[in-house]
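Below is one structure, written out as structure tokens, with a few remarks after it.
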């Protein structure tokens, strides 16, 4: 009987020591298991909505001629990156619910692969948003001829490759060198990179993914805003659009105003996408570069907000983008999207499209 009591006491002491050790490591972040469950639920919900919603975006562009534009090349690129992100988010939920260790000890490569894909896809998403901002700036402020000269099929392909190549290089860095380590992060119970072994890698990712693109996006949309304001004033004073060189010479005044309004509406929609991305990503990049207790507590939740961004864009398209909204309506009703060519615009036609209209 005494031996049983001693054994029970030993187990209790051992469990107490384990729990204390856990509190000093991962459990400083997760005090209760329901926190892990809440995060796992947030991630899974975002993964499901992100996969379905972004598949709708890709399908809409494939089915609607109105949506086959240069800008939407980057929109589809963004959607593909978000789909891949959503498909690998479930490994994050496995890590959260596994406690203080990767729950599949025989396959740690699954967690490392999940972290690798996340690094690549998020970098591609940010680069795609920067390319969209530049495209809108060129399309709104430059002539139709200049836009077509810049956005040829070959150059578009190079831009898309560029948007993937840089984050792929960032993800391969810890794989090919000892700079950083991808895999299970014990502190946050996540599949990203090991913070203790990758402090400088965290700073590297932040520097490569955030400030340059954010500055470029801010400058482009600020320039567009100033240009639109000046053009609106000129149109009001002159009683005619100031962008006549950007539309076909035979278009009447009403058509010019309609095209200008469409350009502004599309640009506003894409600005909403950028704002949503900045709002979702800023908390994460701010918290990971600090080492204080409060920032560590916020990192998992900031990461959850960041991952949810993958499912936000389709809802923005469905509510504020005039052509996507129309295409989604047909798709939800299981109706065929009418094959109507898009009206000629300054920036949205794909290279080689509507050439007959351009020659008029």
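Glycine is no exception: its Cβ is also placed from the backbone N, Cα and C atoms.
Whatever TrEMBL says is automated annotation, not expert-curated.
Now, the feature entries from TrEMBL:
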TRANSMEM  38-62  transmembrane segment
DOMAIN    53-317  domain 'G-protein coupled receptors family 1 profile'
TRANSMEM  74-94  transmembrane segment
TRANSMEM  106-135  transmembrane segment
TRANSMEM  156-176  transmembrane segment
TRANSMEM  208-228  transmembrane segment
TRANSMEM  270-292  transmembrane segment
TRANSMEM  298-318  transmembrane segment
- Near the transmembrane segment (106-135) in space but 6 or more residues beyond its ends, with Cβ under 8 Å, are 70-71, 74-75, 77-78, 81-82, 84-85, 88, 91-92, 95, 151, 159, 162-164, 166-168, 170-171, 175, 182-184, 191-193, 205, 208-210, 213, 216-217, 220-221, 270, 273-274, 277, 281, 306, 309-310, 347
- Six or more residues out from either end of the transmembrane segment (156-176), which same-chain residues have a Cβ under 8 Å from its Cβ atoms? 70, 73-74, 77, 116, 119-124, 127-128, 131, 182, 193, 198, 201, 204-205, 208-209, 351
- Can you give the mean pLDDT for the domain 'G-protein coupled receptors family 1 profile' (53-317), rounded to a whole number? 86
